[in-house]
Amino acid sequence: MALRRSMGRPGLRPLLLAGLASLLLPGSAAAGLKLMGAPVKMTVSQGQPVKLNCSVEGMDDPDIHWMKDGAVVQNASQVSISISEQNWIGLLSLKSAERSDAGLYWCQVKDGEETKISQSVWLTVEGVPFFTVEPKDLAVPPNVPFQLSCEAVGPPEPVTIFWWRGPTKVGGPASSPSVLNVTGVTQRTEFSCEAHNIKGLATSRPAIIRLQAPPAAPFNITVTTISSSNASVAWVPGADGLALLHSCTVQVAHAPGEWEALAVVVPVPPFTCLLRNLAPATNYSLRVRCANALGPSPYGDWVPFQTKGLAPARAPQNFHAIRTDSGLILEWEEVIPEDPGEGPLGPYKLSWVQENGTQDELMVEGTTANLTDWDPQKDLVLRVCASNAIGDGPWSQPLVVSSHDHAGRQGPPHSRTSWVPVVLGVLTALITAAALALILLRKRRKETRFGQAFDSVMARGEPAVHFRAARSFNRERPERIEATLDSLGISDELKEKLEDVLIPEQQFTLGRMLGKGEFGSVREAQLKQEDGSFVKVAVKMLKADIIASSDIEEFLREAACMKEFDHPHVAKLVGVSLRSRAKGRLPIPMVILPFMKHGDLHAFLLASRIGENPFNLPLQTLVRFMVDIACGMEYLSSRNFIHRDLAARNCMLAEDMTVCVADFGLSRKIYSGDYYRQGCASKLPVKWLALESLADNLYTVHSDVWAFGVTMWEIMTRGQTPYAGIENAEIYNYLISGNRLKQPPECMEEVYDLMYQCWSADPKQRPSFTCLRMELENILGHLSVLSTSQDPLYINIERAGQPAENGSPELPCGEQSSSEAGDGSGMGAIGGIPSDCRYIFSPGGLAESPGQLEQQPESPLNENQRLLLLQQGLLPHSSC
């Protein structure tokens with residue numbers, strides 16, 4: 001007897017199926033396909049198992065498919081059993097039935113081009129009632145009747161509904177669906193319904209009934225724009241009392257509490273109002289209240305404001321001049337304000353022009369002026385106007401003083417002596433004529449260019465070209481919010497921590513993008529130092545469309561936290577800066593960190609394994625990475641700091657191959673793929689979390705130790721994803737069952753033992769970071785230094801057409817890899833030796849052995865050679 005088993009598609013979460021076991025009948029059925037067992041209808045209880053069987057006769061190794069409601073059953077266990085050579089039985093097992101499993105089932109098999117179908121069976125799943133309509137939350141006025149609805153279905157039927165008001169039964173029994181009529185409530189009340197059938201009962205969600213009330217008083221009332229007759233007002237509405245606000249009233253008075261106040265009613269939203277026809281230069285006060293269906297709110301506080309005044313409305317009268325031996329005395333009548341809003345007068349403004357082009361403007365206190373700086377041999381034209389703090393009034397009629405007159409006369413300049421206006425008129429005419437000629441010339445050019453193309457269209461009397469109005473743009477530079485910590489809306493405590501590390505935006509220049517994610521990005525930048533030199537840094541910033549103050553505060557708290565750290569294996573803060581933005585938008589906060597040339601540790605490990613030019617990382621290097629991280633975490637734990645997000649992606653690799661613990665919060669925004677949202681909570685890196693963190697949201701230094709164990713596993717696997725093939729939602733059940741990450745290939749037993757200790761279910765049984773550091777340093781000390789002859793970083797390529805000694809791929813002479821053509825700063829590089837067409841592969845174009853370095857003592861070690869010597873322990877390496 002042969003047995004063939006097939007399950008649902010891997011990777012899909014299996015449904016909980018249910019059913020009633022049917023009997024296997026003796027295999028004496030007629031040739032063909034049939035459903036075994038007698039029932040055409042099956043009824044099972046929710047949660048019970050069921051097995052459906054069908055028989056196939058006269059076929060060798062048939063491919064039996066089970067169908068439900070016309071679709072292939074994929075998420076259930078299916079077994080094919082061979083009774084004899086051409087007699088097979090197909091078995092469908094449903095372990096625990098749910099309502100969704102009810103339906104019409106049959107099996108089918110292909111016989112050449114023909115599909116044979118068995119008889120079908122209808123599966124009914126019975127259980128406690130299922131709610132299709134539950135009572136909803138409501139906000140109602142006091143003592144106003146309302147209704148609540150409830151509906152539940154079987155099978156089995158019938159379903160009976162009972163209503164509850166808090167702990168008291170208030171209605172039922174009634175058939176489903178049911179409506180409860182409530183005469184009204186006077187306080188917050190909860191209602192729920194119960195559904196009963198012969199299988200049991202189910203209770204609906206509670207419906208919370210809240211009382212509506214008049215709204216609260218508005219606040220933040222602000223007069224935003226003021227002119228001489230208008231004022232714009234804006235405010236923030238108070239709590240709406242669970243009812244829609246329909247209008248607000250703005251009350252305006254000359255003094256707070258004045259009886260004769262102007263009231264303006266405006267529909268809302270928006271919560272703004274334009275007050276018109278106000279008196280100029282007048283003190284006012286205003287207040288606002290809003291209303292909903294239950295009534296108005298109290299008024300907000302009185303807000304005083306003053307309208308602007310008016311410029312003088314009249315020109316000075318009786319403007320005349322008297323010649324004297326010492327000069328020219330000018331006199332005019334005082335301007336009396338016609339409107340109280342004009343305010344106090346300032347000095348008068350006197351303007352004069354002579355025929356020779358000389359002109360000037362004087363400010364005169366009083367109504368008399370003595371003009372001495374003028375040429376009596378030339379005609380003189382004068383004007384005067386009144387002014388105040390608001391502006392200038394209208395000019396008087398021109399006063400012409402002729403070179404032949406002994407006194408000036410007010411009126412139009414004389415034609416014989418006033419040639420200046422004539423010149424101005426001629427110039428105006430010339431400019432106008434030139435403009436018209438230019439317009440005609442451009443029009444003619446367009447007609448010449450497009451005339452032939454549009455002749456047929458114009459002949460029909462149709463418009464040749466249709467234009468649409470373009471957008472208009474404001475060429476003025478938009479207003480910018482000053483980039484200060486006060487403009488971000490963060491707490492005073494956080495501002496105090498960041499004030500001494502705030503760096504002006506002008507002090508650095510942003511460069512290329514290093515990485516970005518759902519909420520933020522990292523960019524390279526050049527920071528100008530006090531001595532004028534520049535240093536390369538990394539700048540983390542939120543996205544431009546992130547404007548919530550909570551996101552900004554969380555982002556900057558990471559910087560405030562890093563400010564306190566001082567350890568070679570913990571990322572240290574360089575500073576914080578703010579990037580100004582136009583259109584009144586909040587500045588973008590930026591956290592400035594040291595630039596780590598090799599990026600994050602996870603990306604480096606991944607490149608060593610599956611990059612364009614993979615390279616080997618010796619075991620000493622991998623253990624050294626672990627020692628560095630343990631040193632950094634030992635320092636953090638000694639300062640009572642809990643990281644909560646330790647992973648290879650959150651460790652940075654410096655130029656000298658030392659590892660720094662970093663990313664105290666922002667990393668989950670950059671690497672959002674490793675995070676999972678549980679319910680309404682924030683996204684969590686569940687595959688790095690300890691059991692107590694997953695179960696109780698509890699984070700301690702012991703949970704950081706668990707994450708360190710997962711990070712060690714990442715390092716030993718060169719960046720593989722932990723728990724591959726297991727969904728985030730299934731991690732807790734996987735771990736609570738006693739499962740842990742498997743020992744990676746080529747991982748030392750001592751290293752894996754340390755990992756496994758980190759994953760103890762009892763947090764107190766996990767080792768401390770001090771213990772981990774000491775054990776790892778002990779392991780590192782016992783590892784032998786790899787000789788360069790055994791170092792798999794090097795692959796010698798023979799001449800073109802000849803196989804390499806180690807069986808590696810061949811490259812012809814002169815051929816370059818893509819990395820050689822670059823600047824040599826990538827993960828892999830190739831250095832050519834023209835004499836024997838021999839290539840050396842390494843993480844960065846390294847020399848083949850230290851001996852080759854000695855042959856060229858005058859050449860300094862390049863970056864890649866230094867990396868190899870660091871990995872082999874031939875250069876000093878920073879330690880704890």
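Each residue, glycine too, has its Cβ placed from N, Cα and C.
Values in this document were obtained by computation on a predicted structure and should not be read as measured data.
Under the heading signal peptide, Swiss-Prot lists 1-30.
Secondary structure at N53 (N-linked glycosylation site), as computed by DSSP, is strand. Marked as N-linked glycosylation site by Swiss-Prot on the basis of sequence analysis: N53 (among others).
The feature disulfide bond is assigned by Swiss-Prot to C54-C107 (among others).
In three-state terms derived from DSSP, N75 (N-linked glycosylation site) belongs to neither a helical nor a strand segment and is classed as coil. Annotation source Swiss-Prot lists N-linked glycosylation site at N75 (among others).
Feature annotation from Swiss-Prot assigns domain 'Ig-like C2-type 2' to 129-210.
Annotation source Swiss-Prot lists disulfide bond at C150-C193 (among others). Other Cβ atoms within 10 Å of the Cβ of C150 (disulfide bond), summed over all protein chains shown, number 27.
The N-linked glycosylation site annotation in Swiss-Prot covers N181 (among others). Counting only same-chain residues at least 6 apart in sequence, those with a Cβ under 8 Å from the Cβ of N181 (N-linked glycosylation site) are P145, Q147. When secondary structure is read from DSSP and collapsed to three states, N181 (N-linked glycosylation site) falls in the strand class.
Per Swiss-Prot, domain 'Fibronectin type-III 1' is recorded for 217-310.
Taken from Swiss-Prot, the feature N-linked glycosylation site applies to N220 (among others). Cβ environment of N220 (N-linked glycosylation site): W235, V236 lie under 8 Å away, each six or more residues apart in the same chain. Secondary structure at N220 (N-linked glycosylation site), as computed by DSSP, is strand.
Taken from Swiss-Prot, the feature N-linked glycosylation site applies to N230 (among others). Neighbours of N230 (N-linked glycosylation site), defined as other CB atoms within 10 A of its CB across all chains, total 14.
Neighbour list (N283 (N-linked glycosylation site), Cβ cut-off 8 Å, at least 6 residues apart, same chain): H254, A255, P304, F305, Q306. Under the heading N-linked glycosylation site, Swiss-Prot lists N283 (among others).
As annotated by Swiss-Prot, domain 'Fibronectin type-III 2' applies to 315-406.
Under the heading N-linked glycosylation site, Swiss-Prot lists N356 (among others).
Under 8 Å, Cβ to Cβ, and six or more positions away along its own chain, N370 (N-linked glycosylation site) finds S326, G327, L328, I329, L330. Taken from Swiss-Prot, the feature N-linked glycosylation site covers N370 (among others), and the record attributes it to sequence analysis.
Sequence annotations record features per position, and here Swiss-Prot assigns phosphoserine to S456 (among others).
As a whole-number mean, the pLDDT of the domain 'Protein kinase' (508-785) in this prediction is 85. Under the heading domain 'Protein kinase', Swiss-Prot lists 508-785.
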Check your understanding: Using Cα coordinates, what distance in whole Å links N53 (N-linked glycosylation site) and C193 (disulfide bond)?
Key -> 41
Study note, to complete from the structure: Looking only at the recorded positions N75, C150, N230, D645 (active site, proton acceptor) has its closest CA neighbour at N75
Study note, to complete from the structure: Check: min Cα-Cα distance from C193 (disulfide bond) over recorded positions N75, C107, N230 goes to N75
Study note, to complete from the structure: Cα of C107 (disulfide bond) to Cα of C150 (disulfide bond), in Å and rounded, measures 39
**Study point:** Composition by DSSP (helix, strand, coil) of residues within the domain 'Fibronectin type-III 2' (315-406)
**Key:** 3 helix, 38 strand, 51 coil
Check your understanding: Which of the recorded positions N75, C150, N230 has its Cα closest in space to the Cα of C54 (disulfide bond)?
Key -> N75
